Amino acid sequence: MFPAPCLADFLTFPPPGVSMVATTVGLYLIPFCKTAVLLIVTMSVFGASVGIVDTGANVLILALWGDKGGPHMQALHFSFALGAVVAPLVAKLAWGTAAPAENHTEPDFHPLMLNGSSEATSDPLFAVPDDMNLLWAYASIGTYILIVSVFLLALFCKKHSRQQKSTASAQRSRRAKYHKALLCLLFLFFFFYVGAEVTYGSYVFSFATTHVGMEESEAAGLNSIFWGTFAGCRGLAIFFAACLQPGTMIVLSNVGSLVSSLFLVLFDKNKLCLWIATSVYGASMATTFPSGVSWIEQYTSISGKSAAFFVIGASLGDMAIPAVIGILQGKYPDLPVVLYTCLGSAVFTAVLFPVMYKLATLPLEHQQKRKRKTEDQKVLSTSSRL
């Protein structure tokens, strides 16, 4: 059972440890699913738990380190990028990708088999998969996540109610006057940023082969250099965040993404420019999300609901923008719609961030003026007494 402080936090927002346990259960069940409906339900629960882990981890870092958690936030998101690169490679090297021998040969066609398969309606919902490599790949990753979740739950239960009261009072004092407006703008900021990131990473291979005329091996290398620079710069950002403010890192990222996407649009047929601009674009997109979360914590308090709100914006951009761009690119195959999307998103985020900064600093200026007035009144009162 959870202690009382842990139970209170659990009812407010599910901790990352519990969500990772649900993620582990989903990974264990996926290989055993034998029906499409059951697989969809399992994947939905799995996706929801992963989303809670993402949001809860951001909130946990903000609760522990506050506006000093820039390096820790960068390290968290670097682990996301590193895991996305390493996990498929580990699964491939450890368990292999060879399918069973019977899958490589086409079976003889028997009309009676169709009637037999249509009459069989009592198929089990769960069953051991034919390819055991698939089972062990999911089980190994799920076990690793389960071990990590145990440590997170242990850290979560060590929180004291005294710390919660102090953090709660600090959050009330740091709540910005335009708190909700800032969250809405950050929602839009992450919507277009994540949408552009996923769109370019998803379509750069097909764009390079169809629009630029690259070979598939070259296009695969272009895709790898985008995600490689993305993950590498997130790792370097752990050290840069110790000496640079989050706002400075966002400005540098916006400038890099704006310049690189502009060159991509202007020289969309040039292979050399495509290689250089893609690497710069991947590096520029690496630190924006963690820096944005750390930046807004400097001006207003971020609770679980607040973090979930702008993470939903990022998730919607992840889903909506690539889907829309895929349809538009199919209708206009001669136009670099993917590059136009990246440039438009870079312009939008570059314009939106100064607005967010001005809105975030306005309440601070008023608070400073009020403090100065109270200090002046104290000085005048003491001088009049003398």
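Our numbering is plain: 1 for the first residue shown, then up by one each step along the chain.
Cβ coordinates are placed from backbone N, Cα and C, and glycine is handled just like the others.
Checked against TrEMBL, the range among 208-229, 274-295 recorded as transmembrane segment is 274-295.
When TrEMBL is compared with the stretches 71-88, 251-268, the one noted as transmembrane segment is 251-268. Most Cβ pairs under 8 A with the transmembrane segment (307-325) among the ranges 36-63, 181-205, 251-268, 337-360 are made by 181-205. When Cβ-Cβ distances below 8 Å are used as the criterion, the transmembrane segment (36-63) is approached by residues 13-16, 19-20, 22-23, 26-27, 29-30, 69, 72-73, 76, 80, 125-126, 156, 167, 293, 297, 302-304, 307-308, 311, 315 of the same chain, each at least six residues removed from its ends.
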